[in-house]
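Here the structure is laid out as structure tokens; the discussion comes afterwards.
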Amino acid sequence: MTPEHLPTEQYEAQLAEKVARLQSMMAPFSGLVPEVFRSPVSHYRMRAEFRLWHDGDDLYHIMFDQQTKSRIRVDTFPAASQLINTLMKAMIAGVRDNHALRHKLFQIDYLTTLSNQAVVSLLYHKKLDEEWREAATALRDALRAQGLNVHLIGRATKTKIELDQDYIDERLPVAGKEMIYRQVENSFTQPNAAMNIQMLEWALEVTKDSKGDLLELYCGNGNFSLALARNFDRVLATEIAKPSVAAAQYNIAANHIDNVQIIRMAAEEFTQAMNGVREFNRLQGIDLKRYQCETIFVDPPRSGLDSETEKMVQAYPRILYISCNPETLCKNLETLSQTHTVSRLALFDQFPYTHHMECGVLLTAR
């Protein structure tokens, strides 16, 4: 696999290998055959980052080979959305011969949606001035004249210039309902939108007929919380990153959802609050005791759940766990399987043609 070539003819084989590997890893905890959710074989990534290489008068995107660290020119990137590929050509054409935009430019980041919106961030090793703003505004207007719904951002040390906004709004069809998600530049979003839809629909399916309330740790922009709200009386969710919390609050309003409460705090802090170890000003006005959370949802970072959070989640009858690292999931399951059994197992092929696996498990109390 190279950045400009995807071995689509090998997709079935690589997916089968992942299924077998996940099943083997999960064998100590479950004999279930994973439910498998396939990715589109190309144009599945909704975001991409490229370094820029200045080669005389020429200018082009590059990536680095992970093994050899050698430079690879990238003019097309079939793993990324069609919109990113269109923008890659348009950005090079618009920047190459413009000194204000090209000088000291070292990276371009692309974020796109299925609703055909884009934020493009240009990163510089220089101070950005009014000349840059005028040139960037002209480029943005030229891109929009080509029918591209794009927002440009300039970044340099301690500097961020938004020509108009730093977000785009995604619209996803999820189990018969359109969900609106504000996605903020430089904040986490699910990279594979088609796979995200399947993950949300799987989570909805395994939690149907739920009783009581849902607690979610690490909720991001509310991706899962808001989709799952229809299955629960109430949802209480935590997130630490300010931009993600702001996006989640917007998404609650945009989707006309009235049973989700977002709290800005770390999972570890929330564990302390739930256990009565500490009191937090951020929880004033929120009576944790009135929530009857029968289900807890966790989508932790690659490091998995810390030991205190492991203990905390064991108190819930059902644990829905989405993992971007099955190795740390299995490490957590060494503890969680003492009190819970794996009742559902799914593999989500979030990153085709790579070793990476995303998976989901539903755990029910013994």
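Every residue gets a Cβ built from N, Cα and C, even glycine.
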### Message
Need one residue: from Asp129, Asp141, Asp299, Asp306, the one Swiss-Prot lists with Gln190, Tyr218, Asn223, Glu239 for S-adenosyl-L-methionine.
### Response
Asp299
### Query
Among all the protein chains here, how many other CB atoms are within 10 A of the CB of Gln190 (S-adenosyl-L-methionine binding site)?
25
## Note on the structure
Looking at the binding-site residues Asn223, Asp299, the one with the fewest other Cβ atoms inside 10 Å is Asp299
### Task
Give me the Cα-Cα distance between Tyr218 (S-adenosyl-L-methionine binding site) and Cys324 (active site, nucleophile), rounded to a whole Å.
13
### Query
Which ones are near Cys324 (active site, nucleophile): of the recorded positions Gln190, Asn223, Asp299, Glu358, which have a Cα within 10 Å?
Asp299, Glu358
